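To start, the structure itself, in structure tokens.
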Amino acid sequence: MKAVIFAYHDMGCQGVQAVLDAGYEIAAIFTHADNPAENTFFGSVSRLAAELGIPVYAPDNVNHPIWVDRIAELAPDIIFSFYYRNLLSEEILHLAPAGAFNLHGSLLPAYRGRAPLNWVLVNGESETGVTLHRMVKRADAGEIVASQRVAIAQDDVALTLHHKLCQAARQLLNSILPTMKCGDIPSVPQRESDATYYGRRRPEDGLIDWHKPVSTVHNLVRAVAAPWPGAFSYNGSQKFTIWSSRICPDAQGALPGSVISVSPLRVACADGALEIITGQAGDGITVQGSQLAQTLGLVAGARLNRPPATSGKRRIRVLILGVNGFIGNHLTERLLNEENYEVYGMDIGSNAISRFLLHPRFHFVEGDISIHSEWIEYHVKKCDVVLPLVAIATPIEYTRNPLRVFELDFEENLRIIRYCVKYRKRVVFPSTSEVYGMCTDASFDEDKSNLIVGPVNKPRWIYSVSKQLLDRVIWAYGEKEGLRFTLFRPFNWMGPRLDSLNAARIGSSRAITQLILNLVEGTPIKLIDGGQQKRCFTDIRDGIEALFRIIVNDGDRCDGKIINIGNPDNEASIQELATLLLDSFDKHPLRCHFPPFAGFQVVESRSYYGKGYQDVAHRKPSIDNARRCLGWEPSIAMRDTVEETLDFFLRSVDVAERAS
């Protein structure tokens with residue numbers, strides 16, 4: 001059987017040798033040229049191929065039609081990929097009659113994506129493995145041929161685990177390749193519900209947050225220990241790297257980041273202390289912890305810090321229009337937690353962002369985007385990333401004020417998009433899950449699902465089509481005029497500071513705020529058309545983390561992309577949401593300050609929203625794009641979100657109002 005192999009790294013060498021030992025003919029090997037900036041501690045596939053007398057190539061783009069044709073001329077029966085770093089096109093995958101197969105460094109479907117070796121250590125896993133699977137268009141998603149488990153010892157670091165995985169891979173290939181050569185190829189579909197995705201790790205991801213649990217910090221040290229770039233921190237302006245550590249349970253009440261002792265060198269974390277066994281100051285040599293403390297001039301009680309702001313590198317300027325809104329104020333908080341971001345914002349109010357007004361990297365102007373066009377144009381020109389978050393996004397307004405919805409959501413935002421085109425600025429635009437309308441797909445795919453809305457005489461759809469039309473305009477500007485953009489589609493984000501109870505009193509709020517108002521005032525909870533409509537509720541913290549990663553745009557992977565941001569696992573009907581909320585309300589310590597529960601009341605949507613309303617039975621996102629582009633996965637359970645949101649609103653009610 002003739003094989004074409006795509007391979008790199010130690011795993012690539014193991015794979016090539018295993019294929020030869022199994023009696024395959026290798027027509028050619030495709031690999032990568034080594035990057036001079038990378039620590040190439042691993043074996044060379046190109047050198048191995050040359051020594052074996054096998055043709056070897058390292059094209060910049062193996063998916064180019066010229067290379068696809070050359071591979072086709074080789075007429076492979078089967079294709080193998082062993083740690084080749086680029087995805088292969090469907091044209092290449094279809095060239096081999098027996099199929100194309102990839103060796104992945106985890107027990108799929110867990111830890112799809114990049115750097116699974118490091119991520120399993122970061123997350124403190126006790127087991128991983130290697131998996132041979134059939135290659136399909138989606139990375140790491142094809143049917144499983146074979147897998148082998150690998151136990152992770154508590155003293156394993158990245159390099160020792162790497163060696164274990166290489167050994168396991170060789171054992172796996174030695175057992176399965178002869179069987180495959182005879183045409184017997186097992187195939188077990190992956191369980192998508194168990195799939196997790198992780199993105200590429202960068203050297204800067206090794207920055208230690210001393211406010212994390214000590215186990216988290218220790219696992220980070222293990223995950224990026226030499227020959228990887230290492231976990232690091234700062235003493236003043238001096239960077240130092242920790243190469244090995246151990247956990248000490250007692251932090252002696254010290255604040256996170258405080259040096260507890262210098263011999264041994266121990267630093268307080270959130271719930272314990274990290275003992276630094278070996279480390280390195282700057283570009284110096286590796287020394288034991290106590291000598292590192294001496295080199296850095298550390299004394300007991302000193303505080304380690306985050307990296308100093310780099311004077312030679314300008315901070316990234318982010319313009320947020322609608323900064324006082326639900327997404328805007330939470331995003332501002334996330335950005336200001338990072339030293340290299342500066343936030344410029346405008347909104348008609350400042351109640352939700354009052355906590356930032358004195359922050360030196362937050363610049364706010366109170367104003368209306370429909371009036372202050374000169375200020376907006378100037379700041380679009382001045383900033384690096386623009387987020388036009390201003391919109392009317394409450395369903396009752398779609399039928400009550402459809403023209404105002406169109407004027408603000410489409411016309412005013414179109415002007416801002418044109419400024420971004422004019423000054424060649426990147427825009428991160430909030431599309432909406434509403435654009436999918438009455439789509440019948442089980443889960444809504446950004447690139448494939450049809451966008452289906454009702455008839456013109458149903459003004460309820462004016463928000464959806466305004467957003468959809470702007471999505472299409474932005475896409476066209478990207479195609480024709482080079483606008484850098486990302487469209488993100490939130491699916492029912494919830495959390496503190498979502499709307500207000502006053503907005504709920506006039507019916508202009510999202511569902512959970514309205515339900516909380518009913519509980520606070522002792523009025524019946526209204527279930528529109530019985531409350532059987534299903535939504536996927538997403539915690540604001542999960543949503544903001546995904547949005548932050550879009551702004552970071554690692555490797556420009558978000559450019560020109562549409563990304564759903566939602567939690568498919570948190571699907572519930574409005575009735576189920578109300579029941580969960582009521583249960584949390586009854587258990588809340590402030591429950592005694594509010595009236596008795598007034599029951600549920602089923603009402604027709606027309607009587608509640610008015611003429612021209614249509615509802616949607618379900619709305620579940622596919623989040624494959626978010627997993628692939630962001631390395632993001634939602635993690636917060638719906639009950640936690642409901643309890644935190646309820647607590648925020650109950651504590652915001654005035655004491656006098658509670659008593660009444």
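FYI, residue positions are counted from 1 along the chain as it appears here.
Using N, Cα and C of the backbone, Cβ positions are placed for all residues, glycine too.
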Worksheet item: What does Swiss-Prot list, out of R114, R170, as binding the same (6R)-10-formyltetrahydrofolate as V136, K137, R138, A139, D140?
Response: R114
Discussion item. Need one residue: from D347, D441, the one Swiss-Prot lists with D368, I369 for NAD(+).
Written reply: D347
Worksheet item: What's the CA-CA gap between Q532 (UDP-alpha-D-glucuronate binding site) and R619 (active site, proton donor) in angstrom, rounded?
Response: 12
Practice prompt. Determine, from DSSP, whether D347 (NAD(+) binding site) sits in helix, strand or coil.
Written response: strand
Worksheet item: Is N102 (site 'Transition state stabilizer') helix, strand or coil when read with DSSP?
Response: strand
Fill in: Spatial neighbours of E434 (active site, proton acceptor), counting only the recorded positions R138, D347, K526, R535, R619 and Cα distances within 10 Å
R619
Practice prompt. For R138 ((6R)-10-formyltetrahydrofolate binding site) and I369 (NAD(+) binding site), determine the Cα separation and express it in whole Å.
Written response: 41
Worksheet entry | Sorted by sequence, non-D347, D368, I369 residues with Cβ within 8 Å of centre, NAD(+) | L321, G322, M346, I348, G367, S370, I371, H372, V390
Worksheet, complete the sentence: Reduced DSSP state (H/G/I helix, E/B strand, rest coil) at E434 (active site, proton acceptor) is helix
Worksheet item: Among the binding-site residues V136, A393, which residue has the largest number of other Cβ atoms within 10 Å of its own Cβ?
Response: A393
Worksheet item: Compared by Cα position, which of the recorded positions N102, S433, D529 is the closest one to R619 (active site, proton donor)?
Response: S433
